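Asks: This is the structure, below, for whatever I ask next.
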Amino acid sequence: MGIARDSRHKRSATGAKRAQYRKKRKFELGRQPAMTKLGAKRIHDVRTRGGNLKRRALRLESGNYAWASEHCTKKTRIIGVVYNASNNELVRTNTLVKGSIVQIDATPFRQWYESHYGQPATKKGKAAKEDKTVEPVKQSAQVVRKLASRRLSGKLDPLLETQFQAGRLYAFLSSRPGQSGRADGYILEGEELSFYVRKLRVRLARAVCSIFADHCARSRLARQSMLHKFQNSCTFDLSSNSSSIAFLVLEYAHDSDDDVSPASSWQASAMSLSQAALRKITKELLTLQNSPLEGIRIVPDDRDILAFQAWLEGPAGTPYAGGYFKVQFEFTPEFPTSPPKCRFATKIFHPNVAPLTGEICVNTLKKDWRRDYGIGHVLSVVKCLLIYPNAESALHEEAGRLLLEAYEDYASQARLMTSVHASRIRPAEFDIPDAETKRTAQATSVLGKSASPVCETKLSGSDKPRKATPTSAPLSPSVSFQNGQSAATLPLQASATLNSPVMLTQPDAALASKKRSVSSAMGAGTTAPPQTAKPAPSSAAPKKRGLKRL
């Protein structure tokens, strides 16, 4: 017996058994699915009818992809599955099937484009080429004319240019990995690319909004931040609970050219990061906004969620005291496996900060990086670097030399740069108290509540809790009470104080009174306390209920 694909050996739609008047056939057998995963190449050969072979790919990591508009095909690495119209589980498990939308490495195609057209593929590459002084390569007049004619038709689609800048391209997997053992396809372009980008933006919005929704119900600041960041992309129904927040992508309903380059570009920058990394960054940004670190504040960007900045307050006792410095982050597609790029946007005189680019030299952002580190840890390390500069790994040679040879000159130069370039005005983000200040305030409020001299008593029946006037003397019949209360309604233990609110029922008070009278009678050389006069019975007073014997 085996798995078959014919209907004769299966039950009918109503569940009835069919008569089996012939045996199963070899050509009707069913094999287990390949479920090709991302990983080191692993292919099995499967013998089929007629001695033919199928190549069953169990794991693949690369494939041949065609750039149709440029008539170019390159073998490149597959980074991951980002969309599948049939099942999201195939996206979560990175299963390669025909029709999936995958992300591939853009390096082979970028190198071909730059060599074929003689110009960088992105604006960022053009700016870097202008800044860098490179010796011109000698070319013949024929090659120069050929490259010039190619550049006339070599304009890139804005969406493709954004993907080249991120280092990843969207591609359609058109082969059948379980049948041919290959994961080949073509790069998405034009209207097809616009369609899938809209689909992916919805998924990215869901991933980010799910995190903001969890915080939205608990934090007003998070709710304001959510509305501030996603007002151009999503519409939130804040009247519902956090688990049922609805959103609709508004700006991408048209197929015009303006739709290809939207105004809010946070989705475009988020394309280069995995969903797990995007979740990690968003969650930590919310945590740092709600409970900021001491001397560190986050400044979110309205248009790009990843283009945030951070304010660092100059530590006291250092040449940077009194100044506020801006720090910028740039996340690579390999985050959190590889560290983010961090630099000072404010000019600073420091041995471990490059004078031109603001790049920071610290081991945490290089060899000592761990994937469990986050934005808060990096900012704390950078702030510690302002307190303890390291002259051994200096990017600013003059600052490193002065730090070792003449500290006073180094400190005066650092103070001068701080007074000129650093902000002396306290940023508005520092109005939010840090986590340590919040904990201190909470502890103070708790102590204040526990020290409040309020004593609440509770009578049986329909009587409501009443407040007794505070006193520092021991409990005695001479204590004055409000609303005609008697001493029998208060605790009579020797250790009772009026520093904390006490809720005591009348039967418990009577039992405590009996214990006190017995202990005072048994004590040697002690006099029994004066008996309290019982209040006169009143018709309006509630009936007393006796203790129920358990």
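Just so you know, glycine gets a Cβ as well, placed from its N, Cα and C.
Note that TrEMBL annotation is computational and uncurated.
A quick note: this is a predicted structure, and the numbers were derived from the prediction, not measured.
Straight out of TrEMBL:
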- 1-22: region 'Disordered' (REGION)
- 276-423: domain 'UBC core' (DOMAIN)
- CYS361: active site, glycyl thioester intermediate (ACT_SITE)
- 436-484: region 'Disordered' (REGION)
- 469-484: compositional bias 'Polar residues' (COMPBIAS)
- 509-550: region 'Disordered' (REGION)
- 526-541: compositional bias 'Low complexity' (COMPBIAS)
Asks: For CYS361 (active site, glycyl thioester intermediate), which residues in the same chain are close in space, meaning a Cβ under 8 Å from its Cβ, but six or more apart along the sequence?
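Replies: Spatial neighbours, sequence-distant, of CYS361 (active site, glycyl thioester intermediate): ASN352, VAL353, ALA354, SER393, ALA394, LEU395.
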Asks: Near the region 'Disordered' (1-22), which same-chain residues lie under 8 Å Cβ to Cβ, leaving out any that are not at least 6 residues past its ends?
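Replies: Those are 28-31, in sequence order.
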Asks: Restricting attention to the domain 'UBC core' (276-423), give the mean pLDDT.
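Replies: Here the predicted model's pLDDT, averaged over the domain 'UBC core' (276-423), is 89.
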Asks: How does the domain 'UBC core' (276-423) divide up by DSSP, counting helix, then strand, then coil residues?
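Replies: Counting residues per DSSP class in the domain 'UBC core' (276-423), I get 55 helix, 24 strand, 69 coil.
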